[in-house]
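K.L.:
Take this structure, written in structure tokens, and hold onto it; I'll ask about it next.
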Amino acid sequence: MLDLKRIRNNSNEIKEALNNRGEKFDVTVIDEVLKLDEERRNILAKVEVLKSKRNQVSSEVPKLKKEGKDVSNIVAEMKNLSEEIKGFDATLAKIDEKIQYIMLRIPNIPNPQVPDGETDEDNIEIRNWLEPTKFYFEPKAHWDIGTNLNILDFERAGKVTGSRFTFYKGLGARLERAVISYFLDTHTEKHGYTEILPPYMVNRTSMIGTGQLPKFEEDAFKISEDDYFLIPTAEVPVTNLYRDEILKGDELPLKHVAYSACFRSEAGSAGRDTRGLVRQHQFNKVELVKFTKPEQSYEELEKLTNDAETVLKELGIPYRVVRICKGDLGFTAALKYDLEVWMPSYNRYVEISSCSNFEDFQARRANIRYKEDAKAKPQYVHTLNGSGVAIGRTVAAILENYQSEDGSVTIPEVLRPYMGGREVIK
């Protein structure tokens with residue numbers, strides 16, 4: 001959520017920034033929220049005058065009573081003032097609700113570093129690592145490799161649940177578990193993150209806090225009778241871990257890593273990478289989340305992105321890093337990098353991680369603040385997160401980039417200790 005004071009003081013700048021985003025956004029709501037804000041401040045000024053008058057009148061009552069004078073008129077005046085204040089308070093509550101409704105639907109403002117552009121075609125490659133894998137034979141897609149090795153079963157998952165679900169079997173299940181363990185060990189032992197095992201269901205307030213609601217409710221799996229949501233990413237519970245709290249400045253940055261299953265309806269994605277492991281309704285992911293001081297956040301974003309890159313380098317998977325343009329930025333991020341791995345069957349790079357700085361956008365929604373010391377005024381933290389990285393897509397990338405002509409798959413060296421020393425799946 002944006003700072004209302006920032007909108008008040010820089011409305012034209014805010015409108016221009018919102019107009020430059022890819023999705024269509026009706027900037028007239030900025031004028032609407034400013035009109036409501038002005039109305040609210042005018043009423044607050046009137047309420048302050050009435051309260052001051054009521055206090056003044058009230059202070060006269062004991063003296064007049066002591067002098068034996070009739071105070072009935074003053075008591076009546078106090079009652080009228082209280083009723084008038086009560087009416088204004090009711091009006092203020094309605095105005096606050098309208099302002100909140102609008103503010104929750106205004107996207108974040110892109111950081112000046114974000115490049116211009118309308119679609120993912122306009123994203124800018126920052127760097128890459130390793131050349132795309134070359135084969136002397138026709139490489140197979142990971143869904144065919146996994147099916148032939150009897151380690152992935154899409155057909156039976158379709159029978160048991162539906163499309164875009166998968167059974168991992170035998171060494172496939174072990175490979176998935178190995179990747180999870182390797183990622184968690186790397187981020188905790190080498191990069192200094194504290195591990196969190198979060199709930200897989202959250203309440204509506206949590207989804208609002210990280211920006212999934214109200215905009216993306218159609219993409220969420222909801223348990224209607226309890227108003228719970230299956231998490232689309234561990235970012236939601238881990239960020240909300242500190243909702244409505246004031247952190248200590250000397251604790252920042254706080255760094256958490258969390259493994260979780262993730263659940264997404266992927267509404268509107270029909271026909272886009274829907275075969276195999278790339279776009280599933282349920283998938284596993286290791287998430288990196290940081291809480292920082294504002295002046296630290298962009299340095300910490302670079303570190304977080306490098307942490308996510310490390311596991312791809314150690315796995316030996318070709319990848320590139322792209323800076324996301326304004327039109328492809330999404331609702332909550334101020335600046336975002338995507339890590340994309342090379343997928344031979346697609347003959348292109350496929351996103352495996354998004355690393356974002358939300359600045360204070362989520363912190364305002366979730367009311368997460370910090371204080372430098374006991375006497376300092378609380379300030380909003382900056383929140384960051386990135387996949388460290390998606391598990392299913394990592395498995396897919398391993399199967400495709402490490403395949404052999406005979407259909408076997410070489411296991412990356414860093415995963416072999418987690419696979420009982422096994423070197424090949426065949």
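Keep in mind that glycine also has a Cβ here, set from the backbone N, Cα and C atoms.
Pulled from Swiss-Prot, these are the listed features:
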type	residues	note
BINDING	T233, A234, E235, E287, S387	L-serine binding site
BINDING	R264, S265, E266, E351, I352, S353, S354	ATP binding site
K.L.:
Where does T233 (L-serine binding site) sit in DSSP terms: helix, strand, or coil?
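P.N.:
Assignment for T233 (L-serine binding site) reads coil.
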K.L.:
Can you give me the same-chain residues 6 or more apart in sequence from E287 (L-serine binding site) with a CB-CB distance under 8 Å?
P.N.:
T233, A234, E235, V238, V257, A258, Y259, S260, N385, G386, S387, G388
K.L.:
Quick check on the binding-site residues: of T233, S265, S353, S354, S387, whose CB has the lowest count of neighbouring CB atoms inside 10 Å?
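P.N.:
Least crowded of the binding-site residues T233, S265, S353, S354, S387, by Cβ count within 10 Å, is S265.
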K.L.:
Determine the Cβ neighbour count for E351 (ATP binding site): the number of other Cβ atoms within 10 Å of its Cβ.
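P.N.:
So the Cβ neighbour count for E351 (ATP binding site) comes to 17.
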K.L.:
Based on Cβ atoms within 10 Å, give me the single least packed residue among the binding-site residues E235, E266.
P.N.:
E266
